[in-house]
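The ATP binding site feature in Swiss-Prot is assigned to Gly73, Gly74, Pro75, Ser76, Thr77, Gly78, Lys79, Thr80.
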Amino acid sequence: MVQISEVQEQSSTAYTRTAAHTHIKGLGLDEFGVAKQVEGGFVGQAEAREACGVIVDLIKAKKMSGKAILLAGGPSTGKTALALAISQELGPKVPFCPLVGSELYSVEVKKTEALMENFRRAIGLRIKETKEVYEGEVTELTPEEAENPLGGYGKTISHVIVGLKSAKGTKTLRLDPTIYESIQREKVSVGDVIYIESNTGAVKRVGRSDAFATEFDLEAEEYVPLPKGEVHKKKEIVQDVTLHDLDVANARPQGGQDVISMMGQLMKPKKTEITEKLRHEVNKVVAKYIDQGVAELVPGVLFIDEVNMLDIEIFTYLNRALESDIAPVVVLASNRGMITVRGTDDVVSPHGVPPDLIDRLLIVRTLPYNREEIKTIISKRAAVENLQVEDEALEFLATLGTETSLRYVLQLLSPSGIIAKIANRAEISVADVEEAKLLFLDAKRSTKILEQSENYL
């Protein structure tokens, strides 16, 4: 007997990568804006989450643009998680541009230019366009000729009569001779389903009407059903772009399709700066669209982590950029206390931010987690990583988290899971965590070893 067996499909969901903040789903607030103790992947930090909830409401109401927020707190207190939760609460339609302070330093592009680029990335433009479309099956296609106005025996096409049929009726259109050229290019014949944009005169052949599907043809045709509704339709198309997209489109016009221009594009890998004049022109066009009601400005969020890495020049530029007419909400994060502002010798300021900018910021403080909160976070994270942890091991990890750091115990979960798997255990035990702890040092133990072997290393 011939052996036949089915190959089981492996689902791709089992191989999704688990990142540091995969478990964050939102701020975890109720309908009154009050933070629940454990919700949306967050544990604790009630005051900070409620403050971010107010900020989200202000952004949605478009009353927050041009203002800046500082998330201040120690390492592993959830500053990046809060910024990520803000972006998830706002949804995919609101631009969210994350970057680290050190990203702004480049050999090719000025620091201020790199900052302005990210500013423009965080501002969206929603363009609404109403398109009038004629769609249907071609029942008649008659070009009408007229005498050539230049004389001679030749004839010119004055207009084209096209009959279109849809499920709800038929229409006969008189089209411009320029549209006839598009019809010829698309090789349209009677029985084809086409649509014509009335604004641009663009013609698109969708396919052959399925009424002709029984015809024998040597060429393989794509048969489509008769369009539903009326022949004349109005469609509203919404496009979401950022101001940076518009800047780039105008700064680098596409070359031709010939070999020379394509080679030219390959030979120019250097990043070109977008001039202030070009941005001003783009802003003018955007303002005109907004006045006409065609477009709507969507101020997004620019998140700058490790803000203490920025220098005094960038901070000075940031002051001016925040006061401009078109500015996003800027969220800064810092885990430093009183330090010298980069680029200065004697200006010591909180969080590494100059005093004049600190005065403009709304500061949200994140607090260290207590033992119970660390325990809840570990159990949540273990569930995300599909790991089972014994109660004793969970208690041990929570105690270890208070002695070392939250990040260290979260990073111990995966190695402990592998050790438990090798020992054929379904759940992670205290012995597995102890073994992983011996294999991987935390920062305090590593520092202690370095101090003891000071003369050796």
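Cβ coordinates are placed from backbone N, Cα and C, and glycine is handled just like the others.
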Relative to the Cβ of Gly78 (ATP binding site), which residues of the same chain, six or more apart in sequence, are found under 8 Å away?
Phe42, Gln45, Ala48, Thr366
Residues satisfying Cβ distance under 8 Å from Thr80 (ATP binding site), sequence separation of at least 6:
His21, Asp305, Ala333
Env. residues of ATP site, Cβ within 8 Å of mean position of Gly73, Gly74, Pro75, Ser76, Thr77, Gly78, Lys79, Thr80 Cβ:
Asn335, Thr366
